[in-house]
Amino acid sequence: MKKGEIYEGVVERIDFPNKGRVYVEGETVTVKNAIPGQKIRFQINKKRKNRMEGRLLEVTEKSPMEKRDPVCSIFPSCGGCMYQTMSYEDQLAMKAGQVKKLLDDALVEAGQVNEAGEADYPFLGIKGSPKEFAYRNKMEFSFGDEYKDGPLSLGLHKKGSTYDVLTACDCKIVHEDFTKILTCVLAYFKERNASYYHKISHEGYLRHLLVRRAENTGEILVNLVTTSQEEWDLMPLVQEVLGLPLEGKVVGFLHIINDSLADVVKSDETKVLYGQDYFYEELLGLKFKITPFSFFQTNSLGAEVLYSTAREFVGETKDRTIFDLYSGTGTIAQILAPVAKEVIGVEIVEEAVTAAKENAEANGLTNCSFLAGDVLKVIDEIEEKPDFIVLDPPREGIHPKALPKIVDLYRCEKMLYISCKPTSLARDLVEFAKYGYRVEKVCCVDMFPGTVHVETVVLLSQQKPDDTIEIDLDLDELDATSAELKATYQEIKDYVLKEFGLKVSNLYISQIKRKCGIEVGENYNLPKTENPKVPQCPKEKEEAIKAALKYFAMI
């Protein structure tokens with residue numbers, strides 16, 4: 001297979017995130033934006049050692065899983081809700097399977113296995129979003145055109161394009177109030193031949209339309225983002241928006257001026273043209289103040305499912321001090337506070353910490369405090385010691401320096417990990433296993449129907465040896481062989497993965513070391529049965545491990 005060549009094949013499965021696997025001519029090709037069972041045409045656009053990627057050109061035959069028609073006029077060009085032609089039940093099953101596969105591989109690598117050598121942990125499946133459509137409470141629309149020098153558009157970027165913008169006049173993952181406001185704003189500026197901001201020339205006026213709507217109150221904030229390059233009287237537009245037949249109510253219309261070169265919504269200056277610059281959303285009996293730039297889960301009803309699951313996993317919290325690391329606006333901390341002795345949140349974004357403090361005060365929570373700063377540094381300054389830790393890191397997971405520090409500093413018996421990116425979670429679970437932590441149970445929560453994303457809640461507990469003995473050790477009598485002083489387990493794993501494409505666990509490496517006469521310690525992640533049957537290393541992996549031992553001159 002060569003780069004640039006076009007092939008046909010069937011998508012056998014989809015791995016997270018959105019990676020279709022197609023087998024052609026004995027090779028595995030990764031093709032994004034596909035659905036299992038589709039027959040597709042694709043072009044090889046990347047070819048590296050043991051890895052090939054293709055670009056989807058055409059779906060020549062629909063998948064048996066595509067049981068319904070698209071509900072949106074810009075599908076599949078938008079690239080947001082790639083799974084909308086699948087039933088929601090099939091979407092949930094696929095996402096749960098993707099997460100389980102990642103975690104199974106991670107826990108086998110970590111040595112948390114049963115007698116058959118398979119990952120051993122309770123996987124509780126996936127909980128769906130209460131609403132499949134109209135679930136988002138926030139949408140950031142971009143101004144632009146659908147093609148070069150075309151008419152003004154307002155909506156979402158075309159899949160794979162930095163510049164083309166598709167008008168999202170019937171987007172189904174938001175309430176109809178969003179699309180009514182979008183249509184009104186677009187028509188207003190089209191009639192007046194307004195210019196949009198061009199990313200290359202950095203010239204133009206219109207940039208974004210940011211709309212937020214409270215699920216439980218229907219209150220709406222409209223935020224028009226422009227440059228300062230032109231002066232417009234926007235009050236006629238405000239009046240048109242206020243006159244729309246909406247189900248909810250516009251409580252604020254803001255004009256945000258942004259002259260930054262970056263294509264992100266930020267404020268150099270904010271003008272309130274009508275009403276106020278905030279509203280309150282209700283979640284599990286608590287109120288949260290939402291401003292244009294507040295971080296808040298974009299699926300309010302889904303967030304209630306997520307946080308209820310988290311609260312259930314945490315269990316008994318009476319008289320316990322809880323640390324909420326990566327606390328954001330303090331949602332989880334405040335949900336746990338009423339049933340805990342004390343909750344301390346740590347968050348690097350100062351604006352989020354300010355909002356968390358305001359929300360805690362508004363909810364009458366006096367045992368809830370928040371600190372601004374990097375988790376890696378702030379935990380050194382906290383005098384209290386936690387009985388339980390909640391980890392809700394950003395998409396890339398826990399910083400590699402923060403993870404061992406959190407473990408070494410507190411040695412909490414149990415921790416809760418809430419992840420929005422399963423690949424980062426799988427990587428971090430392997431690291432936690434090195435410090436004696438096992439996965440107690442896992443549950444997925446779908447916060448983003450139709451899309452590739454999924455949340456995962458994991459309860460971790462620290463395992464200790466069942467029995468300990470005291471020994472006297474004479475260092476002068478130690479006879480460490482040169483082999484014992486060479487490669488680490490991780491270096492052996494890395495070599496085997498790189499050269500053979502295989503993942504091996506500490507347990508398998510220990511077995512082969514023993515076969516080769518190298519003394520090793522015990523693995524406390526063995527099955528906890530009275531007479532456990534230790535899973536044996538497969539022949540293929542045994543040969544790969546021996547090759548690594550030879551490479552490092554250990555045998």
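Cβ from N, Cα, C; glycine included.
Heads up, TrEMBL stuff is auto-annotated, nobody curated it.
From a predicted model like this one, the values you see are computed outputs, not experimental measurements.
Together with Gln297, Glu347, Asp392, the S-adenosyl-L-methionine site in TrEMBL holds one more listed residue from Tyr278, Tyr326, Tyr410, which is Tyr326. Summarised as a single figure, the pLDDT of the domain 'TRAM' (1-58) averages 92.
Sequence-distant neighbours of Gln297 (S-adenosyl-L-methionine binding site) (same chain, 6+ residues apart, CB-CB distance under 8 A): Ala303, Leu306, Thr331, Met447. In this structure, the C-alpha atom of Cys420 (active site) lies 17 angstrom from that of Glu347 (S-adenosyl-L-methionine binding site). Excluding Gln297, Tyr326, Glu347, Asp392 themselves, the residues of that chain whose CB lies within 8 A of the CB mean position for the S-adenosyl-L-methionine site are, in sequence, Phe295, Asp324, Ser327, Gly328, Thr329, Thr331, Ile332, Pro393, Pro394, Ile418.
Under DSSP, Glu347 (S-adenosyl-L-methionine binding site) is assigned to a strand (E or B) in the three-state scheme.
Under 8 Å, Cβ to Cβ, and six or more positions away along its own chain, Asp392 (S-adenosyl-L-methionine binding site) finds Asp324, Leu325, Tyr326, Ser327, Gly328, Ile332, Tyr417, Ile418.
Helix, strand and coil residue tallies for the domain 'TRAM' (1-58), in that order: 0 helix, 40 strand, 18 coil [DSSP].
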